[in-house]
Amino acid sequence: MHTRLSLQVTTLSTHPSSPGPDQGWRQARPPQLVTRGRTRPPAAKTSGRRVQTARARIFSGFGIGPFRLRTPGVRRRGRGCVSGAMAAKSFASRHRDSLRFLNGFLAGAVVGAAGAGLTALQLLRRRDGEPHESAEKVVLEQFGFPLTGTETRRYTNHALSYDQAKRVPRWVLEHISKDKIVGDADRKHCKFKPDPSVPSAFSALNEDYVGSGWSRGHMAPAGNNKFSSKAMAETFYLSNIVPQDFDNNSGYWNRIEMYCRELTERFEDVWIVSGPLTLPHTSDGKKTVSYQVIGEDNVAVPSHLYKVILARRSPESTEPLALGAFVVPNTAIGFQSQLTEFQVSLQDLEKMSGLVFFPRLDRTTNIRNICSVDTCKLLGFQEFTLYLSTRKIDGARSVARLEKVLETLKNSGVEPDDYFLSRFEKKLEELKAKEQVDPQRENLS
């Protein structure tokens with residue numbers, strides 16, 4: 001687009017009786033007019049109007065409103081008048097100033113006109129060919145985007161992303177160390193309950209699990225949070241729970257969790273990500289994804305569970321980090337199966353889950369396989385049975401229940417070790433002393 005600028009320039013000339021052009025305006029002396037005893041140069045008024053008209057055309061041409069200019073002329077002092085020579089001299093000086101202003105303004109106007117023309121051209125092109133992105137964006141987002149509820153939820157010692165449709169977590173991240181797995185926190189003071197941060201419309205309930213044939217399986221286990229009663233209690237939120245096979249929950253999965261805690265003896269920092277998977281199965285040559293749901297809230301039962309472990313010797317260590325990813329079926333798994341049988345590459349697990357694990361981890365550095373750096377060996381049958389039996393000692397509330405624990409252990413073919421026997425004897429003394437005190441209280445009452 002070309003902008004044409006038209007300007008009418010008025011040339012001021014001297015009176016015929018004035019000196020020639022080489023003598024200039026300073027020596028010009030136009031004839032004086034007498035009006036009621038006062039004199040003034042008539043040319044000054046006429047010239048001033050012409051200059052004023054030219055400037056007004058420039059401003060109005062670019063949308064600038066009326067611009068009033070002072071007309072050069074005589075300046076009155078009291079009741080007298082300035083002499084003709086002084087009036088001509090004053091007029092000439094003002095005229096030169098006006099011409100300087102006019103020349104500068106013309107230069108600026110030309111540049112401004114070019115810029116305005118370019119801007120107008122760009123606006124015209126946008127109007128004709130480009131969508132009004134800002135306007136469309138405002139309309140599109142007027143009532144907001146759908147919310148998935150998958151934002152990260154943070155707790156004392158774990159964080160998670162919740163799947164509102166399946167009523168289970170997508171992933172649960174935790175950090176454990178030697179100090180966090182010991183303490184006075186006791187799970188007997190904790191209760192399963194809905195997460196208060198999850199809207200009730202998308203939350204699972206305890207009633208969904210009752211009579212379903214599935215246990216409430218922790219993704220971040222309570223045993224990893226003995227350092228804090230609050231941290232342990234938060235692991236009992238149903239946002240951290242998935243429907244899990246009973247034997248898997250108390251057996252193989254429990255052994256994996258115990259191995260993670262064992263890692264804190266050799267690594268200062270251990271990060272763990274756990275979660276459910278719903279993987280396809282093949283039937284009649286076709287791959288299908290299907291899963292059972294339980295309860296009125298249709299809580300999804302996963303086909304598999306995954307766990308990613310990242311371990312670091314110490315913050316100051318130059319030794320490479322150790323990493324391992326594992327996927328286990330949500331079924332009972334015997335003691336003959338080794339953990340390495342369920343190990344997968346991190347990339348394969350990311351494809352299965354649609355997640356990117358530890359996104360800030362520099363994968364270009366040397367990262368070791370945790371099963372090469374460490375043993376990846378889970379507790380065997382005898383060790384694990386002794387461990388479970390020892391835990392049952394603490395939960396016994398009577399001498400009869402305590403003796404039942406010892407009997408069950410021997411029937412399994414496992415001989416109690418010294419640690420078990422010492423805990424057993426200590427608990428037995430406590431229960432006998434309590435039983436002796438209780439009858440006395442009954443007699444007093």
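Using the three backbone atoms N, Cα and C, a Cβ is placed for every residue, glycine included.
Straight from TrEMBL, the features:
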type	residues	note
ACT_SITE	H218	active site, proton acceptor
BINDING	N249	Mg(2+) binding site
COMPBIAS	1-17	compositional bias 'Polar residues'
DOMAIN	155-364	domain 'ENPP1-3/EXOG-like endonuclease/phosphodiesterase'
Quiz prompt | For H218 (active site, proton acceptor), nearby residues of its own chain (Cβ under 8 Å, 6 or more apart in sequence) | solution = T235, F236, N240, I241
Quiz item: What three-state class does DSSP give the residue listed as 'Mg(2+) binding site'?
Solution: helix
Quiz prompt | DSSP-derived structure type at the residue listed as 'active site, proton acceptor', helix or strand or else coil | solution = strand
